[in-house]
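Quick look at what TrEMBL annotates:
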REGION    1-34  region 'Disordered'
TRANSMEM  84-105  transmembrane segment
TRANSMEM  134-154  transmembrane segment
TRANSMEM  174-195  transmembrane segment
TRANSMEM  226-246  transmembrane segment
TRANSMEM  258-279  transmembrane segment
TRANSMEM  299-319  transmembrane segment
TRANSMEM  349-371  transmembrane segment
TRANSMEM  391-409  transmembrane segment
TRANSMEM  440-465  transmembrane segment
TRANSMEM  471-493  transmembrane segment
Amino acid sequence: MAKKNKKDLNKENALLNENDALQKDLNSETNSESLNVQNVKQEEQIEEFDAKKTERKLSINKFFNEKTKAWQDWWANHSLFKKILFTLLILTLFIAAGTITIPGVNLVNKNQISQQSDFVAILNLVGGGGLRNFSIVALGISPFISASLVMMILQTKAFPAIHRLSQSGPQGRIKINFITYFLTIIFSIFQAFLITKALVNPKSGGFGITFASSVTKAFGANGNVVYGYFILPVILIAGSFFALFLSEQITNKGVGNGTSLLIFIGIANSLIPTFRSAFSFLVPSAAKHAILVKQLINFIIYLLGYMLTILIVIIFTIAERRVPIQQVGAGLSKSEKELSFLPIKANPAGIMSIIFALMILSVPTMIANLTDQGSKYYYWVYANFQLTKPLAFFLFILITFGLTILMGIQQSRIDKISEDFAKSSTFIPGIRPGDQTEDYLLNIVLRLSFFSSFYLIILGAMQYVQQMFGMPANIAFGGTTIMILVSTAYETIEQIKARYKSQELARKRRNIRELKEVYGEEEEDLIW
């Protein structure tokens, strides 16, 4: 019995041990399953987090890609904006170069540049204003302007060989440009030497340059001669061609005419100093109250006169004579609203007649600068060929009058217009094609040139009339500078408008083409 009980106890213990083992196995399996579930959940959370992170990265990349593509499309479709930006960049570079004074020189009375001589003032005007600081671009584009004016005269019928060359298409144009650049080199050498000689050791109260002591130390006892008549001209010539390079970049890759814009920016850059000098002259700080009010009124009158001159120049710049024209086969019309017009400027010669007249009158001064300053010729030229003197003033009026008529005819290209009319079967109502059309147009241009010559004489002379009545040269405003400002601004704005219209037309054509392609694909998918 005891043995039986013992066996039963052993069985029970064995069963209990088996149950414990099974329970342990069940517990371990449960724990492993829970751990697996937790691991799976963690993995799912990690995968979900990675997916969200990837999605966020993709959305950010998509956003930047869309913005980048939109900007690239906008930039590609806005070539006009790029051209304007490029032009502003080049003009800024030219202004910056104009502030860098040539090393080794000291400026004397730089605000009195107009009082030195008319020759220096004219070079400063057409050069872009860099002469004021005697900068590395002091000559600016004045040699190129001189060469262009000479070539303009040589292309008239008075010089048949050059005239035929100008009419011989692109190849002739290339040769004309080569001759112009060759003349530019000659003028730049000549003007660089003359301007250096004119400004070294200036007369009392005038603008000029003196050499720094470092020049003598570097080049010895004759350092001023070596530096002044060799190194300075080389720097001026290099700066002139750098300015010419900038102007060509504007013409080819920017908006507007590069030559005109460099002159424009040089004049515009000097307006604030001019108005500041005018205020200092007309409104002295030491004036009493009653006198101060009167002087402020004088300054306001000065500004109003400037604004009135700008208004008159704007009117003449925009004004034009419209000649009605018709074309064979287009249908005749008696209504003026239905007719086409040939526009002829009210001032056919533009401003070039004044500039050329000023440059002609500066020739005696240039020659005088090559002579001894104590010679009779030198004193006679400086006593009579300043434009505030009666002789030079009368010659200025006479030369401007003649050049306005001659250049008005040359600039209008009447013979070319008449020839184009004959080729395109275009005619002026009531006027026979051929010689009669050419005579009719020539008569119109002559009358307009005769009228505009008085307008140009008044504008060109007003600056010197102000000086005759006691106004300092540095604040006397002239119609010449205002004409350059207005005409350049007007031409540039008109070119921007034309390019904008052309760009919009190209965009519309592109959109129409894309729509046709889309609708064409849809039509191909249709069964019927």
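Cβ coordinates come from backbone N, Cα and C, glycine included.
Caution: TrEMBL annotation is automatic and unverified by curators.
Because the structure is a prediction, the values reported are computed rather than measured.
Packing against the transmembrane segment (349-371) from elsewhere in the chain are residues 117-119, 122, 125-126, 145-146, 149, 152, 194, 197-198, 377-378, 381-382, 385, 387, 392, 395-396, 399-400, 403-405, 407-408, 411, 449, 452-453, 456, 459-460, 480, 483-484, 487: each is 6 or more residues past its ends and has a CB under 8 Å from a CB in it. Beyond the ends of the transmembrane segment (84-105), by six or more residues, the same chain brings 128-130, 132-138, 209-212, 214-215, 218, 227, 231-232, 235-236, 239, 242-243, 246, 249-250, 253-256, 258, 261-262, 265-266, 269, 496 to within a C-beta distance below 8 angstroms of the stretch. Most Cβ pairs under 8 A with the transmembrane segment (258-279) among the ranges 226-246, 299-319, 391-409, 471-493 are made by 471-493.
Against the transmembrane segment (391-409), stretch 440-465 has more CB pairs under 8 A than any other of 174-195, 226-246, 299-319, 440-465, 471-493. Counting Cβ pairs closer than 8 Å and at least 6 residues apart in sequence, the transmembrane segment (471-493) and the transmembrane segment (226-246) reach fewer than three and form no contact.
Tertiary neighbourhood of the transmembrane segment (299-319): same-chain residues 275, 278-279, 282-283, 345-347, 452, 455, 459, 462, 477, 479, 482-483, 485-487, 490, selected by CB-CB distance under 8 Å and a gap of 6+ residues from either end.
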